[in-house]
Amino acid sequence: MLPADSELGLRDRAMTPLPKGQVFIVILMQLTEPISATVIFPFINQLVLSTGITGGDEKKSGYYAGIIESVFFLSESLTTMLWGHASDRYGRRPVLLLGPLGLAIVTSLFGLSTKYWTLIVFRSLQGVFNGNLGVSKTVLAELSDATNMATAFSFTSVMWQVGVTIGCSLGGVLSNPADHWPQSPMGRSPLLRNHPYLLPCAITGIISFFIFLVAFTGLKETRVGHDPNVLESPSCASFVPSQCTTSASMKRKKRMCLHNIYWPGTKKGAKDLGILGTTELEDGPTPQYGSTVQYYPTISRPRSTSEETLVGIQDYDRPKNAEMQRTISFRTLLTSEDVLRPLSSLALLSFLETSISVLIPITYTTSVANGGLGLTAMQVGSLLSIGGAVSLVFSAIGIPPLIRYFGIWKMHFVGMSALIVGFSCIIMASLAAKRAGYADELTWTFVMIQYASYIILPLGFTTAQMFVVNGAPSRDALGTTNGMVQSARTLARTIAPVCVMSLFSISKEQNLLYGQLSYVVCLLITICGLRNVLKLPRELSRL
């Protein structure tokens, strides 16, 4: 942060323009996770029953559906840290490109599976190829600064809602075409009759491959030193005689030069050192993002404001050995409250968001006699698509101004609180349907309120990610920090489906709390999450 900006509030500072092309590609790559994760939600109950693993018992489908949904996030959490390390060492671009390419293949194979164990295998591989998405958040942090980070990370929520909308639409509308459109070419296709859930999975694979092609042609490297167009700043001592670098005056001048490298708004120190090219720096054109203009790489390489924010002078002498960097980063991250508190908040939010996401389809498609709403897969897919579309508009238009005006902490609290309304409304909707014998007007009223609360949930994720970036100890640790956070998120998403779906089946079989045990447990966890939010800082100290 520039000294002149340190006294200004976030609302008083002009917003720095984002590199739109690169941001678009990065957020487009984030689309693969929600589509592949949610495309199975509308038909997961019927898919599990079709494998014969439950013996035809509808009440047991929750156990096996929860396992399928959990292994996706389990394999993602186990590989996220590895992807993060690889991006710190080999660059962001190659790591990001592997994800959608592999996902295009394994998602199509998932749709061809008819055995329960093959569903588990290919669902796990889907999670592996989604494990690199923590790197995309690192790239967003490297492309943004304090004035535009809320906008940049709000796109993450936007892409999640777009993906949920697309995934649920594909799964609800395109599944089992032989029943939905028996006279159409798809309905008469022997392949789609034998594999009724192949079509939505194949379309998901095609989308992933298209995203790979876009990224392959347009994505640039943002990790310094891993791309010929991005030059790492050499030692400042290289610009002065080597025999003078140990003197007190040269050490002072070296510090001044470092100030200019990391905070290029001041140029006096560069002049004092007599660095050639100072005139070009003052009078020459201002380099843009991705520029290859070559004056002196120390000065000419454009640095995003996030680098000014997240990199301190002490990072100049960071260890050159990659293994030593990772050891220091882990020690720092595992003992830093600035990282652990927002990480725990984000993990709880991910657990609860995943819980409500998997409970909605199975509750809505379960028969009214067994405590559900008795809706079809197409009805559920349509509901999830409409809800996702409305949430998408809110994420794109509403989140950035709300955060800028009301502050990050307040909006994070609101995002977490929305889950209390959501889980309560699911309970009331199922009870109303059971009392009436069908999904009556009162039932649909609670469904609408539940979706209204679900719309503002992205506020919690956007603000939590900003807390994480603020807590990163240095720019070199940013990739590992986001990898660790992504691992925590995916671990929470791993635990959530198998836990809440098992509770769902147990509560229905044993009629615990009138079959509402899973929702009540989620309400209690939400209250614990709100207590954790109270411990977060009210303002960001490093952005």
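Each Cβ is built from the backbone N, Cα and C atoms, and glycine gets one as well.
According to TrEMBL, the domain 'Major facilitator superfamily (MFS) profile' annotation covers 22-541.
If you look up TrEMBL, you'll see 21-43 (among others) marked as transmembrane segment.
As annotated by TrEMBL, transmembrane segment applies to 63-83 (among others). If one looks beyond the transmembrane segment (63-83) by at least 6 residues along the same chain, the residues whose Cβ comes under 8 Å of a Cβ in the stretch are 36-37, 40, 44-45, 47-48, 51, 53-54, 95, 116, 119-120, 123-128, 130-135, 354, 358, 362, 480, 483-484, 486-502, 504-505.
Under the heading transmembrane segment, TrEMBL lists 95-117 (among others).
TrEMBL lists 197-219 (among others) with the feature transmembrane segment. Same-chain neighbours of the transmembrane segment (197-219): 21-22, 25-26, 28-29, 31-32, 35-36, 39-40, 43, 47, 93, 96-97, 100-101, 103-105, 107-108, 110-112, 166-167, 170-171, 173-177, 186, 191, counting only residues six or more beyond its ends whose CB sits under 8 Å from a CB of the stretch.
Taken from TrEMBL, the feature transmembrane segment covers 346-364 (among others). Counting same-chain residues at least six beyond the ends of the transmembrane segment (346-364), those with a Cβ under 8 angstroms from any Cβ of the stretch are 38, 41-42, 44-45, 61-62, 65-66, 69, 73, 164, 371-373, 375, 379-380, 383-384, 415-416, 419, 422-423, 426, 430, 450, 454, 457, 460-461, 464-465, 467-468, 485, 488-493, 495-497, 499-501, 504, 518-519, 522, 525-526, 528-529, 532.
The transmembrane segment annotation in TrEMBL covers 376-399 (among others).
Residues annotated as transmembrane segment in TrEMBL: 411-431 (among others).
If you look up TrEMBL, you'll see 451-469 (among others) marked as transmembrane segment.
The transmembrane segment annotation in TrEMBL covers 490-507 (among others).
Here TrEMBL flags 513-534 (among others) as transmembrane segment.
Stretch with the most C-beta contacts under 8 angstroms to the transmembrane segment (513-534), considering only 21-43, 376-399, 451-469, 490-507: 490-507.
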